Structures are given as C-alpha cells and as structure tokens.
Amino acid sequence: MAEILLTSVINKSVEIAGNLLIQEGKRLYWLKEDIDWLQREMRHIRSYVDNAKAKEAGGDSRVKNLLKDIQELAGDVEDLLDDFLPKIQQSNKFNYCLKRSSFADEFAMEIEKIKRRVVDIDRIRKTYNIIDTDNNNDDCVLLDRRRLFLHADETEIIGLDDDFNMLQAKLLNQDLHYGVVSIVGMPGLGKTTLAKKLYRLIRDQFECSGLVYVSQQPRASEILLDIAKQIGLTEQKMKENLEDNLRSLLKIKRYVILLDDIWDVEIWDDLKLVLPECDSKVGSRMIITSRNSNVGRYIGGESSLHALQPLESEKSFELFTKKIFNFDDNNSWANASPDLVNIGRNIVGRCGGIPLAIVVTAGMLRARERTEHAWNRVLESMGHKVQDGCAKVLALSYNDLPIASRPCFLYFGLYPEDHEIRAFDLINMWIAEKFIVVNSGNRREAEDLAEDVLNDLVSRNLIQLAKRTYNGRISSCRIHDLLHSLCVDLAKESNFFHTAHDAFGDPGNVARLRRITFYSDNVMIEFFRSNPKLEKLRVLFCFAKDPSIFSHMAYFDFKLLHTLVVVMSQSFQAYVTIPSKFGNMTCLRYLRLEGNICGKLPNSIVKLTRLETIDIDRRSLIQPPSGVWESKHLRHLCYRDYGQACNSCFSISSFYPNIYSLHPNNLQTLMWIPDKFFEPRLLHRLINLRKLGILGVSNSTVKMLSIFSPVLKALEVLKLSFSSDPSEQIKLSSYPHIAKLHLNVNRTMALNSQSFPPNLIKLTLAYFSVDRYILAVLKTFPKLRKLKMFICKYNEEKMDLSGEANGYSFPQLEVLHIHSPNGLSEVTCTDDVSMPKLKKLLLTGFHCRISLSERLKKLSK
C-alpha cells in the first residue's frame, strides 16, 4: 500500500509547488526546489514498489521491512506537506514575513531528514536487486472503456436459467408453504442478481412491492421505514406509528418483498412482529437471500430453500465469453488461437464456478492485450488450487488496477455493506483526497477524470452499477460484500483506513489512524470517550443515530482532517450544536451532512479556505454562514431541498454574497440558493457553473437567464422554483448544453418552444397547470427521454399523447412519470407511431386512479 501514500504525496507536492510559484515567486524558490525534489524521489520510489511487492510475495522476507520503511516514509512526507501548506497560506494572509521564514526553515530541516532516509532506502533497494519497473501510469486517462458497461444487461443470469425458472414457478404457486422463497449459497454465486431478476419480473402481479438490503449490521427500524416508503405508506402514518400502520396496510394488500443478504435470525425475529405472514388468503410473497441455509430454513421452512451451486465448466466459460467480448460481438473466439482459448478455459477453471470471480477476472483481462503471454501471466498469478481461486482473483484484480485507481477502489470500504453510494460523493471525495489531479496541459476538469476512474472500476466488474442519470452516466453504485471485505482487509493491512471495530487497542496504532469509519453508535461513543490521539486523521465517516458525534468533535482539533461525512438515521430529527472548533480543521475540503439534522454551521467555518464541497442533505436544516463564499477553492455548494426547509437554512441576511468576495472560477454546483440571497448579476461571473438551482426565482433572474447570449455557457442542469408568476417570459433556447431542467411553479406559467433548451433530455414540471397547448410543445422535443409531471393540475380530464397534425409526439421519450395528478382521469394514445421508444409509464402518488388505453396499460407499473 506504500504506492497509495506515494501517489498522494506526489499529487500534493504538485499542488504545493504550484501554489508557491504563484504566491511567492522568487522569494521562496529554494522551497519549491525542495518540493520538486520530493516529487521526483517519490515517483522514483513508487516505480519499484510493485517489483518489491512481487519479491515479497515470492518469499523474500527481507523485502517486507523495506516496504514498511517506504510506507512510513511516505506517511511522514504526507504529514509534513499537509502541515506545511496551511501554515504558509496563513502567514501569507497576514503577511507575517518572520513567521513565514520560520516555517520555511523548519520545513527545510525536515526535508534534510527525509533525504537521508531516501538514501538509505535506495541503498537497500539496490542490495536486494529491486528494479525500476516503471509500470505506474498514474496519469492515464481511462477513456477507452468509459462506456463499455453502459448498455450491458444488468440482470445477466448466465448459467442460472434453470434456477430462475424453478423459482419463478415456486413463487407463483398458490400452495407455497409460508409464502417464502429462500435463495441460499456461498458469497459470489449470484443470489442477489437472481433474486432481483425474479422480483422485477413478478412485482407487477402484486399490489405493492419492496426491495431492501439487510446486510450484516441491520437496523429493524430503518428496514421497516424503507419498506413503508416503497409500498406507499403515507408520511403522516410513518410518523404516527410506523410498525402498526405498516402491518395494517400489508394485511390488506397482496405484496411481494425482497429481503437481500440476511445474516442471522435475530433481525427476522424483529421484522416478523410487523410483517404479516405470507401464507394468508391474500397470497403475498417474501423472497430472501442468505449465505446461511439455517437462516432460510428458520424463516420459510425446509421447503423454501433453494441452494445455488457453482456453475458447471461450460456455463462458466459461457459467462466468461460474454464478459470478455462486447455484447454485440458475434465472432467471439473465432479469431483467437487454440492456445489462447485453452488458457482462457484454465483461467475460468481456477475461478471455481463462482460467477463473481469469473466476471471480475474477465473485467481485468479486458484491460490487457488479448495475447497468450498476457493471459498466461494472469493464470500463473492465480495459484493452482481451485478453492483459492475467488480470493486470488479478487486480490489480483486489485493489484491489476492503475496505481492512481487503487485508493479510489478502497474508498468503497468506508461505507457499510450494501450501501448505495452516489457517484457525486465518490468523485468529490477522491478530488478532496488529491487522488485525482489535473496536470498542466490537460483541459478537462478533475470531476471528468474522476468519472473516468469510476467508469473503469465498473467496467472491470469490481463495482456494481445501481442507477444511471438521465443521460446514461453513473448516478449511484454498490460493491459486492466479498469485494467490500477485500477493501476493509487491504485498508487495515496498510493503515489506509480502519473500521471502528479494529481501531481500538495499542494507542500507538490509534495515533497512526489516517481514516476511520463508524457503523455503530456504541462503538463510536466508546472510541471518542477513550480520548484517542488523532493528530494524523484525514477522513472521518460516521453512520449513526446518535448526534453526539458533534459534541465529541468539540474536544479534538482535527487539524489534518480533509473529509468529514456524517450520515444520521432518517427515523428521527436531531438538534445539534456544531462546535466552533470546526474552524480549526484548516485542511477540510469535503463536508457532507445527511439525515434529519438541525443546526448551524459556525462562523469559524470562514477560516476553512480550502473547502471544495459543502453538501447538505435535503432532510437537514443546516444554516451556512456568509463567509462560505470566501473559500477560493469552493466547487460545490449543495442544499438538496427546494421547499420551506431550504428557505429556513438561508434565513440570514448576512448570507448575501459580496460580489467582490466571490471566487467564481472554480464553482461548478450551486443548488437551491434562494434568489433573495443571490444577486442575478453574479451569474455573469460563474463561467464554469454546470449545475444551478434557484429558489424563489425573481423576474430579474428570469430576465438575466433569458438574454440572447447565454450567461452560463457551461450549464448542464438547471432547476428553478418560482414562488409567484413571473411577468418575464423565460427563454432558455440559447443554452445548448442544458440536458436536465426542473421547473416548479405554483400557478400558470406561459411556455412556448423558446422556453426550453434545444437538447433537453430530462424535464420535470412540478405544480404546473398543464393544458393541451403546453403538451403540444412538449411533444415536439427531439431528444427528450424522461418527462416527470409532479402534482400538476390538469385543465382537461383527458390527456391525449397521440401525434399532432405535424406527426410529432415524443420521438425519443422512454419514461413518462405522472405523480399525484389533480383533475386527470384518463391518459390515451390512439395511434401506433407516437412515442415509439416509450418503455415505462409510471403512475404514482395518492389518488392516482387513471384509466389508460390498451397500449399504455402494458407499459404501466
């Protein structure tokens, strides 16, 4: 893992050298020379780390100490850089020349110590004949495979067809005992893939449905809340008495629920008190997956069990072939030599029939040349015992990653098992960690480079795609529990991060912690009460119900912390006092608060001049101070709510940004900023803004957005919430890059073809008054794929989606979503040529009883 620390040091030294050059010019040129020397030496050391690791794996025990020395050196250099940069910046701010000189002298002395250690390491390296492999292209841009996964069948069940047919018949059998099907087997066999395919196929035959990930550390209250939301329990009833109201609703509904990855029977004992038995006359069904047959037997009886087995050799090779070649490639092995085919079969044999091992191996091989030599090297690395195949393959696939991608992959282990992780979060945390840097001459943004890395991880089958965005990009993802365990094990071994369970013990080890994640309230509280020394902590993740994390933080400075993520339970609201010591976290770059958290960010946050991302979840009421605008590095300011909650967050006049304090060049996201605290003329300065959401849009803002030449030329996503009818006509036709538009208007709003961007892909209309004239405009949009109408008022009871006189009617529309319509009783389409690509019609919300024409019935949920 030394290579990860070395990469971090290299990236940080590039940043510091650039800052010194800009800020100090020739005054501290010799410091820049030291930084450049650090960068060169760390690159050199990194170039032979892989060779050293190979020698260690080959049995050369002497190399182990060398790798440990390299890791400690890289860690100390990272500490030095993280400590040095804020001091220089602070002294520059107040023009403390003597203090700055003192810092520089101190830094130079530390560099001399490091130089002596580098000489010793290089001497030992030569003694052990460790060579420079020069195989660490950390700057590679992963574009070739960027879109390979986009059109893949996410429910591929090669080799499981018989299992699928048997389970489908069992689920639809009226005499199914207990109404439960239990899919059991060892990790990696495809239990979840098979269960989700079944669930999605049969759920339309039930009145309501729910899919829940249970995982190793479940919380019954959160599982029940998740089920309640999916089956349509009202928010009021969830707040009043979740358990009783959920049970009452399920008793009268025919439901199907998938509980994925149940580890033990204790959680079922809690859930069954609320979930009614499935063997009633109603005919409800329960699908569970578990690696433990006894769990399935306990829940559904012996007859419920369906044990998955490893794939037979031919089915294994069929899956391997499907993943190696493009999905539309009919030639397959036609152009391959017989020897390459045999090597491929041997590789598949080492995977032991485990689908996860097979697809991960195929993902790794897709990144290599399709030659006998390249594949033989993989085969030789897999060992000779079939039973070791899966573990070997997973570790080998990790080592096959580009060095710059390895810490990005390990980051998935910071989240709990089965957690759905937003791509936005991952990308911006990687950037905050300096895992992703933009080199000189590269015109692409860091976010684009990070997205390439995420695409590559999905393409290699190391990460599972969960959701896509409106334009086919990754919205969220998950990691398989076996790969999650690999992340945790590798991270612990290398001190990359620790989970709370292994953080206790030797105070010396605790003091070395660089990243820590808490999944449990009790463990978190016990840990902080032990008064640990956390001077080196960079990343803190807390997934908890107890809001005391904020009070515990008051006792620590966290001077090197640059990523803070607090995810609170949704089941209750927490009023917190965020300590003023937040202002001491001078290295903080990424802040995310999620859950029902009420409080105020302290004014001391203005000292956090390196903040890049502030992300406040839509359920949180967190007030930002006015000084948040002063961060020169701010890229994303997100408040994910456009209702009263967001208004409350900004109920301070001092939030109004000073046009001269704003640093607009880096800003890419401003989401749900109240118009009254945002001066429209600032829009001209936001030249790199990609996403904008404004609450309470004024006429002056509409006018500014509607001028002939677009003021926001890079804008891709625009969300506007109007509190009253705008007198100005909105015109967005001059914005070619806007692909996603959200308009929230409580009254009638005049719209025509000039009101919309020409390349719109997703459109949401909320609280609109919809008539046939607006509908006629929408039908002509040439690229619109998804249309959502949220609590709209319809002036006519019947909505006809058929083509107009010109023949147009949603030529590219794939999804139409109508939520809680007011005044609409019928949706029809009378011709066969309209909406030729429509795949799904969603009717959701209360009182959504709409009659549909025959064609639309087939597409509705």
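Yeah, the Cβs are placed from backbone N, Cα and C, and that goes for glycine too.
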- Swiss-Prot annotation of coiled coil - which of the ranges 21-41, 63-83, 105-125 it falls on: 63-83
- For the binding-site residues Gly185, Pro187, Gly190, which one has the sparsest Cβ surroundings, going by other Cβ atoms within 10 Å? Pro187
- Message: What is the set of residues, excluding Gly185, Met186, Pro187, Gly188, Leu189, Gly190, Lys191, Thr192, whose C-beta falls within 8 angstroms of the centroid of the C-beta atoms at the ATP site?
- Response: Thr289, Arg291, Leu308, Ile354, Pro355, Leu356
- Message: I'd like the per-state residue tally for the repeat 'LRR 3' (388-411) from DSSP, helix first, then strand, then coil.
- Response: 21 helix, 0 strand, 3 coil
- Item | DSSP three-state assignment (helix, strand or coil) for Thr192 (ATP binding site) | helix
- Item | Remote residues contacting the repeat 'LRR 1' (225-248) - C-beta distance under 8 A, at least 6 residues beyond either end | 208-212, 255, 257, 273-276, 570-571, 846
- Note on the structure: The answer for the repeat 'LRR 3' (388-411), taking Cβ pairs under 8 Å and residues 6+ beyond its ends, is 3-4, 7-8, 46, 53, 136-140, 142, 188, 350-352, 354, 356-357, 360-361, 363-364, 367-368, 378, 381-382, 426, 429-430, 433, 435-436, 450, 453-454, 456-457, 460, 462-463, 482-483, 486-487, 490-491, 496-497
- Query: Looking at the binding-site residues Met186, Leu189, which sits with the largest number of other Cβ atoms within 10 Å of its Cβ?
  - Reply: Leu189
- Message: Give me the count of other Cβ atoms within 10 A of the Cβ belonging to Lys191 (ATP binding site).
- Response: 25
- For the repeat 'LRR 9' (689-710), the number of residues DSSP places in helix, strand and coil: 7 helix, 5 strand, 10 coil
- Near the repeat 'LRR 2' (305-327), which residues from the same chain, at least 6 beyond its ends, have a CB less than 8 A from one of its CBs? 148, 151-153, 156, 158-160, 163, 166-167, 170, 181-185, 189-191, 194, 293, 296-297, 333, 344-345, 347-349, 351-355, 358-359, 361-363, 365-366, 461
